[in-house]
Amino acid sequence: MPSLKALLLALFIIAVVVDQSFVEANFPKSMYINWGAHHSSFAGNGEDLQLVLDQTSGSAVKSKRSFLFGSIEMLIKLVPGNSAGTVTAYYHDEIDFEFLGNVSGQPYIVHTNIYTQGNGSREQQFYLWFDPTADFHNYTIHWNPTEVVWYIDNLPIRVFRNYEKDGIAFPNKQGMRVHASLWNADNWATRGGLVKIDWNSSPFIARFRRFRARACKWDGPVSINQCATKSPANWWTSPSFSQLSSSQMGQLNWVRQNFMIYDYCKDTKRFNGQIPPECFKQQF
């Protein structure tokens, strides 16, 4: 039988682990409105967030803390009806989900991207296989020293692996804040900017719920090693999170084969035949 001292020590360690990797999900406690305050509102005891876009302004929130590695998730219900020209965004500073609005009856496009050393140009786009305006759906970014994975309702849709040893930049040396925003992007969002916002359909409203950050809190450069060290506290460094399982691979392939509409790795014209080097590496 373990001694009382050992049990107390174990409980203390568990408490520390929870404290270090979980951030209060209440929106007012974990985020602040950084744009369009008169167009943003919290509800449901702080569990719900509403962002609004009209002709005067869009709106946005930003996490109070920065993170390096872990899992960030949010439930989102997108702008219904004629949302052409609008973009609802949910992202770390360098790891993006953007939802491109469309005219009524046409599908939303999920636009994903990852920036490293200030360079993006790594877009992949997908149609959604459900109506994202009818109910809330879970959008998660899982990020560790090995890979970044984008999930929708627990289905992986994209992976970006760490090939830094081969000279390919990977976001692992800077903490990132979490953002959510709703804004006017009708110069590019819908059919390359051909379809503009119909302001007669405004106000446009996107709803967010249950922000969860099970992630390593960024405390400056010291966190680069602390957050990447393999330990029980840093659960995201577990071998089980270093690569998708066989069942997850099946889910990923189903999404990509049926709903992927753009992949920068296949856009030879855009890069004048000089495809980015990570496109020749195994990503899954």
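The first residue you see is number 1, and the count goes up from there.
Glycine residues also receive a Cβ, built from the backbone N, Cα and C atoms like all the rest.
Given the structure is predicted, the values throughout are model-derived calculations rather than measurements.
Here GLU94 (active site, nucleophile) comes close to ILE114, TYR115, THR116, PRO171, MET176: these same-chain residues lie at least six apart in sequence, with C-beta atoms under 8 angstroms from its C-beta. Annotation source TrEMBL lists active site, nucleophile at GLU94.
Other Cβ atoms within 10 Å of the Cβ of GLU98 (active site, proton donor), summed over all protein chains shown, number 20. Under the heading active site, proton donor, TrEMBL lists GLU98.
As annotated by TrEMBL, domain 'GH16' applies to 1-208. For the domain 'GH16' (1-208), the predicted model reports an average pLDDT of 88.
If you look up TrEMBL, you'll see ASN102 marked as N-linked glycosylation site. Counting every protein chain shown, 21 other Cβ atoms lie within 10 Å of the Cβ of ASN102 (N-linked glycosylation site).
Summarising the annotation, TrEMBL assigns signal peptide to 1-25.
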